[in-house]
Every structure is written in C-alpha cells, then in structure tokens.
Amino acid sequence: MSNTTVEQFAAELKRPVEDLLKQLKEAGVSKNSGSDSLTLDDKQLLNAYLTKKNGSNGGTISIRRTKTEVSTVDGVKVETRKRGRTVNIPSAEELAAQVKAAQTQAAPVQPEQTAEDAVKARAEAAARAEARAKAEAEAAKLKAAKAGNKAKPAAQKPTEAKAETAPVAAETKPAEPKEKAVKPKHERNGKGKDAKKPAKPAAPAVPQPVVSAEEQAQRDEEARRAAALRAHQEALLKEKQERQARREAMKQQAEQQAKAAQEAKTGRQRPAKPAEKPQAAAPAVENKPVNPAKAKKEDRRNRDDEGQGRNAKGKGAKGGRDRNNARNGGDERVRGGKKGKKLKLEPNQHAFQAPTEPVVHEVLVPETITVADLAHKMAVKGVEVVKALMKMGMMVTINQSIDQDTALIVVEELGHIGKPAAADDPEAFLGEGAEAVEAEALPRPPVVTVMGHVDHGKTSLLDYIRRAKVVQGEAGGITQHIGAYHVKTPRGVITFLDTPGHEAFTAMRARGAKATDIVILVVAADDGVMPQTIEAIAHAKAAGVPIVVAVNKIDKDTANPERIRQELTQHEVIPDDWGGTVQFIDVSAKKGTNIDALLEAVLLEAEVLELTAPVDAPAKGIIVEARLDKGRGAVATLLVQNGTLKKGDMLLAGTAFGKIRAMVDENGKSITEAGPSIPVEILGLSDVPNAGEDAMVLADEKKAREIALFRQGKYRDVRLAKQQAAKLENMFNNMGETQAQSLSVIIKADVQGSYEALAGSLKKLSADEVKVNVLHSGVGGITESDVNLAIASGAFIIGFNVRADASSRKLAENENVEIRYYNIIYDAIDDVKAAMSGMLSPEKKEQVTGTVEIRQVISVSKVGNIAGCMVTDGVVKRDSHIRLIRNNVVIHTGELASLKRYKDDVKEVRMGFECGLMLKGYNEIMEGDQLECFDIVEVARTL
C-alpha cells in the first residue's frame, strides 16, 4: 500500500479530489488527475506543507445551521429551534496519523487526536453536557411544579447520573450527529451502567468554552421552551386521562343499570360483554408512590428523546410521539417497521360502548343450506356456526351443507328464531308469473277428452272426425298412447284428447291442472254400460266437467240406445230429453252418422262454459305425452293452456328444461307458435319429462336450470329414501325384523268385474309373512307401460282374458318380466297361492333317527373321552345331531365329532352294533348315559 492513487487517498481523507489536487500542487507535488499515484514521499511533503500552513491547532471548523419551527398546541404557538452540528475537518497531524495507519495496516484509517485535540473535545463535551443538564433541571422543576412533590427524587437522580456520564461520553468519542434515532432500551441501560464508573481524564486541562455567550443563551432559551411544551403536554394528557376515568365510571354504572333492567325484564341473566380496560387512566387517578429506579429509567429515556425524539415523526423513529399525538391523548399506536406507520384513532374515540339489546333475527331455513349461508342469515361469523356444530358433534367446514333440522337447532342455539322455509314450489312460481304478466283473456277452444270402455269405438270416432285412420297404426288395434288433436269446424276449433284408460286423466286431475273442459263418454249401443264406463263417469264428476254421451255403433242390428239411456240413468247421467242436463247423441263412427250433431253439442257446452285464456303472455301448459326419439331426442306433446308458445322459448317441464328448437302439429307440419288449447310436439328439452307434468315458459335459462336442478335433487332424495330399505347394508337388519314379504302383482283384465274379483281374491291370500301387493289393475291389453312398471317394481303380470302386444312381449323377454295368461279365475288364484307358499319360510322339524347307550368311557390324552356305545334303536349317522340324556334329563345338545367301528371311520351304525364316538366340544360323559340322535328336516309350509 506504499503507492495509492489521488482518488483513493482523497476517499481515505474524506476530502474532494479537486481540493486534494490543489493542496498537492501548493505543496510542490505535481498531480493532474485522480488516477495519478501517490508515493510515501508525496504524502510526507503534503503533510509538511499543511503543518506549516495551518499549524498544529487548526483543523476544527464549526458549521452551524439553525432551523426554526413554529408549532401550535391548543392555540399556543411554540417556537423551537434545532441546534447546529459540528463538522470536523482533519488537521495536518491527523493526516500524518492516517498515513502512518495506512502503512502499518494495524487499524482502519481514522484521524487520531493529539492530546491537545482530546482536551478540546472533552471541554466541548463537558460544556454541552452542562448545558443539557441545566435544561433537564429546568424541565424537571417545571414538571415537579405541575405534578407535585412525587417527581422530585426522580428528577434529581437522573440529573446527577447525566452529569457523571458526560465526561465519559466526551472521552470515548466526539459529539454524535443528530440524525441518530432513539437508542434501544438495552443500549440506554448499558450506557447508564457505564456512567456509574468514575471517569479519569487523560491529561489535566482547563476547559475552555467553545460556544459564545449568545449561542449559549439561544440554547438555554430553546431548552426552556421545550420544557414548557413538555409540561403543557403532560398537563393535557393528565386532564384527558381524568376525563377517560370519569367516562369509565359512568360506563360501568350504565352497564350495571342496564343489566339490572334486563334481568328484571327477561327473568334470566345474559352474560354482558366485558368492557375494555382503560390503558392510561390508572396513573392519572391513583396516587401511588413512584419507584426511584423506575423514575430514573423514565427520565433517562426522556433525556435521550429530548434532542432526537422531537424529529422522530419525520424520520420514522419507533416509539416517538409528536405534538399531534400528545394532543390526541396518546391514543396513537405505532406499528413497527421501516416507515413506522401509525394506526390513528379518532380524537373522540374511547372504549365506552352503550349497552344494546341483542338483535334476534328470524331465519328462514331451507331443506339444505351451507354453513356460510346460515351464518350470513344470522349476521354472525361463520366460525361461530362451526363452533356450535362442533359442540353438537359435527365436524363441518364452512362450505359444507347441513340439513334443515340441524340448521334449526343451530339457529336456536345462537339465540335466533328459525323457521323452515317453504319449498321452491313451481305452482307458486307460476302464480308469481301470472300476477306479473297481466294480459287480456280471449276466448279459447275447448279441450275434450274422449273416454269409454275398451272397444267401444273411442279412437274410431276420432278417426272419422279427423278423417284419418289412426287405428290401423296401433299394435293390435288397441290405443297405447295418448293422442292430442285439434279439429277445425265451421263453428270453431275443438281439441281432442284420446286416452287408452283413465290413469293419465286421473293424474291430471290430481295435480289440479284443468286440462279437460268437456268429456265425451262413448258407449257401445250393442254392449251397454260396462264397468270402465261407470268409472269414467265417476272421474268426470270428480273433475267437475260436463259430459256429452255418444252412443256409438247404432248401425248394428243388436244396438239398443234406449237400454243405454236406462242404464246410465242408474248412474245419475240423465238425458236432457228426460229432464236431465246431459246431451245424448246417437252416432256411428263407421258410417259417420250424426258426427256433426256431436260436434255441435260439444261447442254448445263450450259456449255455456265461456272458456277464456290470456293470449299475449308466456305460455304454460301440460305434458300430454313424452318419448325419446332415436333421431330427434326428447319429444314431448304439450297442450298449451295459457299464453302463446313460440319457437325459441325457454321451457321448463318437471326436471327437464331447454329452448324449443322445433314445433310440430299433429299432422307433422312445422309451426312457429301455438295458442291456448292447441297441442304441439316440441323438441329441445334436456330430458324426457313425465306425462302430466306442468310446463311453463321462463324468461332466462338460468332460472329454468335452477328450478330443474332443485327438482332433480328433490326427486333424487325421494328415490333414495324409497330405496333405502332395499340397500345391501340394511338387508340384514330387515331380515332380523319380522317384516312380511311382499308379492307384487300387476293385473290386466278384459272387464272391470274380472280384475276387481281377481284382485280381491288375491288380497285375501295375504298372511302374516307374505302379502299380496296389487300395484296396478286395469282393463285392456298388457302395454309397454305395464311392463315398465313391472321392471321397476319387480312384479309379475297377470293377463285375464287379455294378451300383450308384440312390443310388450319383446320388452318383457328382454327384461325377464314374467307374464301369465289365465282364462279361469281359480287357476290364477292357485298359482299365486303356490308362489306365496314358496315365499314362506320353511318349517323346521326334528326327526329322531336312533338311540345309543354309553357302556364304557375311555380317556385318551390329548384327545379326550371316547364313548364305547351300543346302538339300541334306529341308526346313528356321522352328521346327526345328538342329545345327551342322564337320568331322563337333557344335559347337552350338540353334534358328533367322530364315529368309528373297529378303528374305521364309518358314516352310520345300525341297531345291534357297537361303535365308538366322540362329542364335539364336550367331554363330560359317563357310563349309563343315553344319546338320542336326530336330524332337522325343513317342511314346506302352505297357506
């Protein structure tokens, strides 16, 4: 390190390069740039030059910059002036010391002080310490005057400690810059410990004042103003603490009064919210003796903060307070960190909260609800609901769903009122939609349902009206599906519904959808009133719709219309020409006789009913029929009841929804809209809806999807509940119970009397263990719907004088559904009785096979006791059950472990022969005991 550059040497001396180059030129060393190298001789020349120029006493230049700040505290202007700072410029001796240190590399390059410089520094430090001690003494006096005599010892001891500390601080290092922030607690404590040691000066010197009298006066004035400001702040703080203490007392008194009033009102005590404790009220109210050590520590902290803490706010010092903080009563929390951000409270904020009554919410709880939604309804945090559920033994998360009963219990536990919410009823939604859309009601065509007994000519009558041959397309000539048609007549439009039976009609009536306005009751003139006809009359009367009787097949020679009128009169269907209200029309579907008169009678009934429906409104209707087409997907026949159905509408039908992609009428023609009472085929639903489902047009897909998914969940829950008993895990539980087995039967007969008699006879066969469950009974052939019902329920089908069509037989063969045909009712009863007998649990009986006498007992180690026996009666078999009888008392019942004769294992031993045997798990046998051998035989039971 003998050769260094000018730039490096300037950095070591902490001098600008230009100044150093100038001084080198003045010393006779020619250097032009900072990159030129300096030798040891060059440095010595520079040192000699500076020593000659400045002398040994030069080197300290005081640069002071005063800054005055004016602050306003509660209307009082306080002027504070910041002290200047001293910048030390190294002298020639210090430069020489730095050069020497660079050569030896024994210590970092630091300007060394000579003895004379050290004396000067100590004198300056002593003067500053004395001035600071004076300021502290004045501040302590002012503080003592305000707070009383309790702070006098605490103010005197820190002053003495500070006076002792000053020489040591001056001896160890020069005055520190003002930028340093407040030191940590442990550093202050360490400084205090060092202050207790007596400081010995290095050399005796007379301290000389380094500041002028004017500057000293300014410093004294500044210290006095700071002490006055601090005393004023402390007085304000004390006053605020007293006010806060009074508020605390008032709050506690108000809480006690509110608590007493609540107890008197409710009769039970609720735990009140604990009030927050005041943090700064205790020192202002209580006059406790001050600990001298604590007072000394606090005063030392205040002294350290006096010069530096005043600017701590602007410099991010931790723990510093400014005047605004003191004005707010000290309620400003300082968050640790680099920037020292502060979380400010409002100036008038306090811990007092007025007692309020607990808010009780009325919570509507749906069938399922998540924990988060339940907490939101009660206006509590989700953690509280999770805690309540955990106390009930349920480990749940905030996103987990709980059932309605559990949610109601949680609501009650948390002090609120829980009520089960009404289900998302589609009917209610329809009502809201109807109220929202008010459209003018216009006349609509009547909807007519054709009912009657099988083969009485319902479909043939509709064929003639429609001028089509629909019957030829049906398998076996029997109507299997519901058909919907509308016919235009000179007097208006009529919509017809053709049904194979009464089931679909009954389902419509049960749901309250008024799909039918008028019923045409078709009765064959040559057959008379049949049970199905009577049932149709009952359904029409239950629905409250008028009846028009069409007496068909009057073209036959055996036709007797008058007999039909007489028979119907017995069922309260009285012709209008006999003084009743029912129109009777004699027609012939084959020849078309009086068809126009029948349509005229239907339109006359429609005029009396004054049928109207809104047209300019969202459509709603009922699903008449639905199927899954291979090429087109879900196809549904919809009967529009209100409004106008348009292509592109969003339709909801049961659990199915979708945008209508195509609309086709009954003739196969594509249409774009359909008004009230018009049946159409629609395409575009997401799934096949059930027949009889209500359909409605919604505004958007979101609402339709929401309701459809809700219904799917409801139907799924119902389905799972029904299947619960048949699950594998519950099967053994059901076996343990004495539940009766069920034999499910579907009965289809030619006439109502036949299936009623057959159903009644089968139900009489029911016993305690086996019951007959007639799932469905009806008149007509076996259809695909019957086979599907049998597949779903595990039933078999009885056909009494009827047969299944080709499609039904094929479906039954593929799904292994048993179909039995009978012509005699007793054969059907006997077969069902035999099937029920097979379902009965067999009866177990004991059959004694032989008797054995024990004549000798042989004990064999590690084997047990072996009985030497004689078969006295019957046969003893190896797998026989035995009873050990001693003195005519049964001692043990069990099985044989082994059966031998002459050391050979045998399967049986007959009477009169000897044998040896062992009992399984039993050795307590004696000579003279009797063994009774028996077998358990299962005997089939009969009804």
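Don't overthink the numbers, they just go from 1 along the chain as shown.
Yeah, the Cβs are placed from backbone N, Cα and C, and that goes for glycine too.
Here is what Swiss-Prot records for this protein:
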- 452-459, 498-502, 552-555: GTP binding site (BINDING)
- 99-113: compositional bias 'Low complexity' (COMPBIAS)
- 117-141: compositional bias 'Basic and acidic residues' (COMPBIAS)
- 145-172: compositional bias 'Low complexity' (COMPBIAS)
- 173-197: compositional bias 'Basic and acidic residues' (COMPBIAS)
- 200-215: compositional bias 'Low complexity' (COMPBIAS)
- 216-250: compositional bias 'Basic and acidic residues' (COMPBIAS)
- 251-264: compositional bias 'Low complexity' (COMPBIAS)
- 295-308: compositional bias 'Basic and acidic residues' (COMPBIAS)
- 319-335: compositional bias 'Basic and acidic residues' (COMPBIAS)
- 443-612: domain 'tr-type G' (DOMAIN)
- 552-555: region 'G4' (REGION)
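Remote same-chain partners of the region 'G4' (552-555), defined as residues 6 or more beyond its termini with a Cβ less than 8 Å from a stretch Cβ, comprise 456-457, 460-461, 522-527, 561, 586-591, 593. Of all the binding-site residues listed (G452, D455, K458, I554), D455 has the fewest other CB atoms within 10 A of its CB. G452 (GTP binding site) falls within a strand when secondary structure is assigned with DSSP. Secondary structure from DSSP puts I554 (GTP binding site) in coil. For the compositional bias 'Basic and acidic residues' (216-250), residue counts in helix, strand and coil come to 35 helix, 0 strand, 0 coil, using DSSP.
Mean model confidence of the region 'G4' (552-555) amounts to 84 (pLDDT, 0 to 100 scale).
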